[in-house]
Amino acid sequence: MLSSWSFANISFFQPPVFLMVGIPGLEAVHGWISIPFSSMYAAALTGNCLILSAVRRTPSLHQPMYYFLSMLALTDVGLTLSTMPTTLAVLWFDHRLIGFNACLAQMFFLHFFSVVESSVLLAMSFDRFVAISNPLRYASVLTNSVIIRIGLAIVARATLSLFPVPFLLKRLNFSPNKTLLSHSFCFHPDVMRRACADITINILYGLYVVVSTAGVDSLLIVLSYTFILCTVLGLASPRERMQALNTCVSHILAVLVFFIPVIGVSMIHRFGRHLPPIVHALVAYVYLMVPPVLNPIIYSVKSRPIREAMLWVLRGKCQS
């Protein structure tokens, strides 16, 4: 911890480093805790890379639905890699220091990939709406050029939304005695509360980003599924209804896996300051680690073409 007396005459201070923590109160067993964490990181990277490889190598999967699934898998790889180095460094080697600028960079990419994932899930709901409500025009509406433009719009939206965040933090005056973070990575609500200045602008802008991205996306996803349900109920036979709804099950599960932890971590940081630090840590880990692990499992179990393509890729790797 940095001592305060050496900075007593400095009016503006930014810490050269922050001090991260793993699981508060369980530091003595970090070595054992690193085993499930390492397994989850390995599962997330392996599963999502398998999906990317399966879609790339299987011509029958070169369809809009699977292109969007590839975007989701690529986003999950990015989200995993944004926290894995510092988390495993803390758990394996007790390396707890992170530079101020490195912290801001990690924070940007962590939230960037979260916003991208929310947007990709919205695009996937639009894909399901077009496929069910107007199947004859599905291929003509979601052409490759349209999908590329959607992907570029998603990246641009996330970049523009989060670009001001590091600069809003760099203008703040920090306290030399408040350099201890609550996680093994840099999380925006956590970092801004280390400042000893007025953070009203940071709070309001953070709230704006959450509402304008995850909030709007969740409402539009609900709206799209309302239209999908109306279309499905208009189908003639129960068999057709079940077939149409079955194509949405994987996406609905992926939406729930992502947005339930998002709501949980938002509520914890807004209203749960009195809760023990371990609760904040565990909710944050669920938010960042569970979706990248579960998404490949959900799609491999519920989608037969994806499952068969992933097995084909694995057999090819084993034989080579």
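Quick reminder: no glycine exception, Cβ is built from N, Cα and C everywhere.
Owing to the predicted nature of the structure, the values given are computational and were not obtained by experimental measurement.
The transmembrane segment feature in TrEMBL is assigned to 7-26, 32-55, 67-93, 105-126, 146-169, 218-236, 248-272, 278-301. Look at TrEMBL and you will find 47-299 tagged as domain 'G-protein coupled receptors family 1 profile'.
Model confidence over the domain 'G-protein coupled receptors family 1 profile' (47-299) is summarised by a mean pLDDT of 92. Looking at which of 32-55, 67-93, 146-169, 218-236, 248-272 has the most CB pairs under 8 Å to the transmembrane segment (7-26), the answer is the stretch 67-93. Contacts between the transmembrane segment (67-93) and the transmembrane segment (278-301): present, as 3 or more C-beta pairs lie under 8 angstroms, all at sequence separation of six or more. Put simply, of 105-126, 146-169, 218-236, 248-272, 278-301, the stretch with the most CB pairs closer than 8 A to the transmembrane segment (32-55) is 278-301. Between the transmembrane segment (218-236) and the transmembrane segment (248-272) there are 3 or more Cβ pairs closer than 8 Å, counting only residues 6 or more apart in sequence, so the two stretches are in contact.
Across 105-126, 248-272, 278-301, the stretch most heavily in contact with the transmembrane segment (146-169), judged by Cβ pairs under 8 Å, is 105-126. Long-range contacts of the transmembrane segment (105-126) within the same chain, counting only residues at least 6 positions beyond its ends with a Cβ under 8 Å from a Cβ of the stretch, are 65, 68-69, 71-72, 75-76, 78-79, 82-83, 86, 98, 150, 154-155, 157-159, 161-162, 165-166, 169, 185-188, 191, 209, 213-214, 217-218, 220-221, 224-225, 251, 254-255, 258-259, 262, 288, 291.
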